[in-house]
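Over in TrEMBL, the protein carries these features:
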DOMAIN    16-83  domain '4Fe-4S Wbl-type'
BINDING   Cys21, Cys50, Cys53, Cys59  [4Fe-4S] cluster binding site
Amino acid sequence: MTHIIATALDDRWAWADRGNCQGQAELFYNDEQDLKGVRRRKEEAAKALCEHCPVIVECRQYAMNARELYGVWGGLTEMERHKLAGRLRSG
């Protein structure tokens, strides 16, 4: 499966070109065949890039609003976003 990190196609994506993730898609998405340890290392590396990213807030907001199912977005994994969304809904 090939994934492309978003680029600014319109104003909704204007922030994406400034992300630390540009050119690093392989870190932000797991392959179905990745072993658990490989997944964890990739997620940790992706989150480390996110930690100092100038658009982490915009990226996280996009992922939550769009209900992104896959990948690390705004420093959060799929499971972390799912848990956060549940807490936000239950308030």
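Every residue, even glycine, has its Cβ placed from backbone N, Cα and C.
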Protein Cβ atoms within 10 Å of Cys59 ([4Fe-4S] cluster binding site), excluding its own: 25
Residues flanking the [4Fe-4S] cluster site, with Cβ no more than 8 Å from the Cβ centroid of Cys21, Cys50, Cys53, Cys59 and excluding those residues themselves: Gly19, Asn20, Ala46, Leu49, Val55, Ile56, Val72, Trp73, Gly74, Gly75
